[in-house]
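Asker: Below you'll find the structure I mean.
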Amino acid sequence: MSRPAGNPPYAAELGAAKKAVSLAARLCQTVQQEIVQSDIQSKADKTPVTVADYGSQVLVSLVLNMEVTSGSFSMVAEEDSEDLRKDGADEILERITDLVNKTLAEDGSYNILLSKEAILSAIDTGKSEGGPSGRHWVLDPIDGTKGFVRGGQYAIALALLDEGKVVLGVLGCPNLPLTSISNLSDSSSRDQTGALFSAAIGCGAEEQSLDGSPPQKISVCTIDNPVNASFFESYEGAHTMRDFTGSVAEKLGVQAPPVRIDSQAKYGALARGDGAIYWRFPHEGYRETIWDHAAGSIVVTEAGGVVKDASGNDLDFSKGRFLDRDTGIIATNKQLMPSVLKSVQEAIKEKKQASSPL
């Protein structure tokens with residue numbers, strides 16, 4: 001794709017991604033403020049899927065299709081329309097349609113009114129399998145649905161893969177304070193919230209408010225002694241082995257208690273230096289999807305950080321919808337990564353020895 005001289009690579013795509021995520025965030029905020037029981041469906045895996053999840057996916061798909069006209073459109077996303085096409089789903093589909101159209105009307109950028117069928121079609125633009133060739137958008141329309149339903153942290157996470165590599169990422173975090181959350185508990189009352197993080201390969205990472213303040217460059221913290229480090233982990237105990245991470249923290253000599261929040265908001269907070277380490281060690285058998293990490297990982301790496309699996313390998317987003325990774329995911333700064341990896345690998349070894357019969 002040709003671009004105007006002087007424009008950084010992926011500038012048009014990044015602009016479209018920021019617009020898409022900001023619009024989706026507006027819809028999500030509306031729904032979170034007025035969650036009613038009928039807005040929560042139960043998927044087969046019992047994860048609450050909300051009207052906002054579908055509505056967010058529709059808006060992102062729509063904006064990207066309107067704003068980025070080059071080449072064929074491919075998106076790897078979490079939701080599909082199957083449940084919404086079943087008997088009894090009409091009320092929810094109607095609510096999604098109304099919400100999307102209301103959000104579009106209030107924004108005013110597009111003079112468009114979507115039918116229910118157009119809503120279902122837009123949701124199903126996210127059925128791509130991704131892979132190592134071509135361009136694929138990668139979307140988690142609401143990362144951290146449990147946090148969303150609980151009134152806590154969540155993120156709209158959008159990335160672009162080009163030939164299997166993540167080349168840009170945008171995180172919309174409507175409930176994340178614009179000031180540091182190093183001591184955040186989910187019940188904290190904060191002043192201004194709503195952060196938008198963005199990064200394009202080779203161009204650094206930025207943060208701005210979701211309501212449109214000028215972007216500021218961000219960078220990871222420079223702490224080089226683990227004793228002074230604080231770490232982020234998942235709010236939901238099911239997402240990480242806390243006994244294992246506790247053991248790693250002990251080996252490192254980390255003094256601070258973990259900061260536990262939902263979603264890829266952790267990647268954004270890490271990228272602006274709120275904490276020093278984010279790690280995720282799911283229980284055995286859990287498969288990581290690419291949309292859970294693509295946007296967050298590039299925001300951290302462009303902010304000067306590093307993201308690795310437990311063996312010290314880069315994350316590989318070219319294998320389709322799932323991440324090919326070893327044991328867990330670690331994000332931190334370049335100074336701390338060697339000691340964090342060493343402690344993780346020691347803890348893994350001990351865990352294996354403890355569980356293997358004599």
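Just so it is clear, glycine is given a Cβ too, placed from its N, Cα and C backbone atoms.
Copying in the features that TrEMBL gives for the protein in this structure:
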- Glu78, Asp140, Ile142, Asp143, Asp292: Mg(2+) binding site (BINDING)
Asker: Using a 10 Å radius around each Cβ and all protein chains in view, which of these binding-site residues has the most neighbours: Glu78, Asp140, Asp143, Asp292?
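Answerer: Counting Cβ neighbours within 10 Å, the top one is Asp140.
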Asker: For Ile142 (Mg(2+) binding site), what residues in its own chain, 6 or more apart in sequence, show a Cβ-Cβ distance under 8 Å?
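Answerer: Once residues fewer than 6 apart are set aside, Ile142 (Mg(2+) binding site) is near Cys28, Thr50, Ala52, Asp53, Ser56, Phe148, Tyr154, Ala155, Ile156.
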Asker: Give me the sequence-ordered set of same-chain residues, not including Glu78, Asp140, Ile142, Asp143, Asp292, with a C-beta within 8 angstroms of the centroid of the Mg(2+) site's C-beta atoms.
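Answerer: Along the chain, the qualifying residues are Leu139, Pro141, Gly144, Thr145, Ala155, Ala157, Ser263, Gln264, Thr289, Trp291.
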